[in-house]
Amino acid sequence: MTKFVFVTGGVVSSLGKGIAAASLAAILESRGLKVTLLKLDPYINVDPGTMSPFQHGEVFVTEDGAETDLDLGHYERFVSAKMRKSNNFTTGQIYESVIRKERRGEYLGKTVQVIPHITNEIQAFIEKGAAASHDGKADVALVEIGGTVGDIESLPFLEAARQMSLRMGRNHCAFVHLTLVPFIASAGELKTKPTQHSVQKLREIGISPTALLCRADRPIPDDERAKISLFANIPQDAVISVWDADSIYKIPQMLNEQGLDRLICEELRLDPKPADLSMWQKLVNAQENPEHEITIGMVGKYVDLTESYKSLIEALRHAGMHTATRVNIEYIDSEELESGHLEVLAPLDAILVPGGFGKRGTEGKIRAIQYARENKIPYLGICLGMQLAVIEFARHLAGMADANSTEFNLETEHPVVALITEWVDREGKVEQRSADSDLGGTMRLGAQRVPVKEGTKARAIYGAEVNERHRHRYEVNNHYVPTLEKAGMVISARTPTENLPEMMELPESMHPWFVGVQFHPEFTSTPRDGHPLFKAYVEAALASQQRKGA
């Protein structure tokens, strides 16, 4: 039977519950246990797919095409299990499911209430999510409950966790509570009162934490831990100090050294082998002792909020670990490039345009792409970044000065990028598509296997086949591909059934390293294995740096 560890948060949000849960899961996995993770989001949105990145950060896409919380990206980077749609659910999904059941008469005319109907549904969703990995035989499922204790939105989830613990009995559920211990500079001391109140609030709900993770900007002294232990009624060895680290990959070792995994295993009556964190130590060592250093310019419109590009930033760091390179990222606001200021691109070793939606800032991105192409700076375009590379190429090298995407200009004379429902086929006819003819109707989501053309950079990077995840509404218009290819562009991967361009590149005679991909490779990069595309990109940046210095 799967055992559960519920991870809750108190005092303030954004303390790093996702990193803490993923780190504990990584330690338990290193002890030989089969682990999986779930994220419960208290907001009423059905999923984060239509939420602004400024509000919610990155939307992480799973292999089965679910648009989920960015914490699922952390989970996949820390453990071997692949996340699925059932690993993340929201209040919106719970209420939607309960209301559908009520309409179908499944409650036999009873008054539908938060307790028991909503809380029972939450428990059913938790058990379904835990069974999605390891053929339903996970040893431990870590369940992160979003929000903070005391939020009205979180109450049904906390109540469901309490009921689940009661129903399953002792030694089947553990609770880890993450809280803040702020340092007050004017007083010169750490303050434990917010943590005391947070634990009291949790105990009022009926939950007593097995362990307390105390976040601070510095290690918490033993006397403060003893004070927290006394007032929170938790053994002192269960009060874990979690201070700010310069790398999230140091957290598993930090928690292991203080015995968090031992406490959890004792509570759940598990007796696995000792933890082996040598892989994490090796990765941290590679990160802290690079032989090279490069600067990559990331040109986007969400550059003030790096949470919007969380997986991409981590993928570049992974590539750095596997190439002994410190990867510095320069965030460049694409709107500032629209009025000039291209000189900020000159010192860069490589340029990257990530995915995105909407017209704002696109002309600045196109100018950055043109600069990269003309100045032979390594370029990687992801999703929108590939589409804009096609537009830039069509305008300046293929004789289509008005080339654009119908996302930005419905009246463009040359729609080289078009909506999934309005492609022009090889005969010049508008081809209408539906949910039956394309994954997700107007949004292509999830993983897809695609063959790769021989003799291309893509083939050297990926081999014969690429299997990556998608999240987009627009595609390169096949009607214009022959013209683009005649001008020198190489379409190096196409979907097997629709024949849609998945990867584009420029030949070495035109540019040393210029690649665009319609998919999102950042979602499959892990610190353990890195990612072949990002590794090749960093190596191209190093080669460019050497050419500049020669």
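The backbone N, Cα and C atoms fix where each Cβ goes, and this holds for glycine too.
Annotated in Swiss-Prot:
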ACT_SITE  CYS383  active site, nucleophile
ACT_SITE  HIS520  active site
ACT_SITE  GLU522  active site
BINDING   SER13, ASP151, ILE152, GLU153, LYS191, THR192, LYS193, PRO194, THR195, GLN196, LYS227  CTP binding site
BINDING   SER13, LYS191, THR192, LYS193, PRO194, THR195, GLN196, LYS227  UTP binding site
BINDING   SER14, LEU15, GLY16, LYS17, GLY18, ILE19, ASP71  ATP binding site
BINDING   ASP71, GLU144  Mg(2+) binding site
BINDING   GLY356, LEU384, GLY385, MET386, GLN387, GLU407, ARG473  L-glutamine binding site
DOMAIN    295-547  domain 'Glutamine amidotransferase type-1'
REGION    1-270  region 'Amidoligase domain'
Of the recorded positions GLY18, LEU384, GLY385, MET386, HIS520, which sits closest to ILE152 (CTP binding site) by Cα distance? GLY18
Additional residues surrounding L-glutamine, by Cβ distance to the GLY356, LEU384, GLY385, MET386, GLN387, GLU407, ARG473 centre under 8 Å: GLY355, PHE357, CYS383, LEU388, SER405, VAL417, HIS472, TYR474
Of the binding-site residues ILE19, GLU144, GLN196, LYS227, which one sits closest to HIS520 (active site) when you measure Cα to Cα? ILE19
What binding-site residues among GLU144, THR195, GLN196, GLY356, MET386, GLN387 are found with a C-alpha within 10 angstroms of that of GLY18 (ATP binding site)? GLU144
Check the residue listed as 'active site, nucleophile' against DSSP and tell me helix, strand or coil, would you? coil
Across the region 'Amidoligase domain' (1-270), average pLDDT on the 0 to 100 scale: 93
Counting distance between Cα atoms, which of the binding-site residues THR192, LYS193, THR195 is nearest GLY385 (L-glutamine binding site)? THR195
Could you round the CA separation between ASP71 (ATP binding site) and GLU144 (Mg(2+) binding site) to a whole angstrom and send it over? 9
Any further residue of that chain within 8 Å (Cβ to the Cβ centroid of SER14, LEU15, GLY16, LYS17, GLY18, ILE19, ASP71) of the recorded ATP site: GLY9, ALA20, ALA21, HIS74, GLU144, LEU178
Nearest of the binding-site residues (LEU15, LYS17, LEU384) to PRO194 (UTP binding site) - Cα to Cα: LEU15
Which same-chain residues, if any, lie at least 6 apart from LEU15 (ATP binding site) yet have Cβ under 8 Å of it: GLY9, LEU178, THR179, LEU180, ARG215
Which entry in the list of recorded positions, ASP71, GLU144, GLU407, GLU522, has its Cβ near the fewest other Cβ atoms, using 10 Å as the limit? GLU407
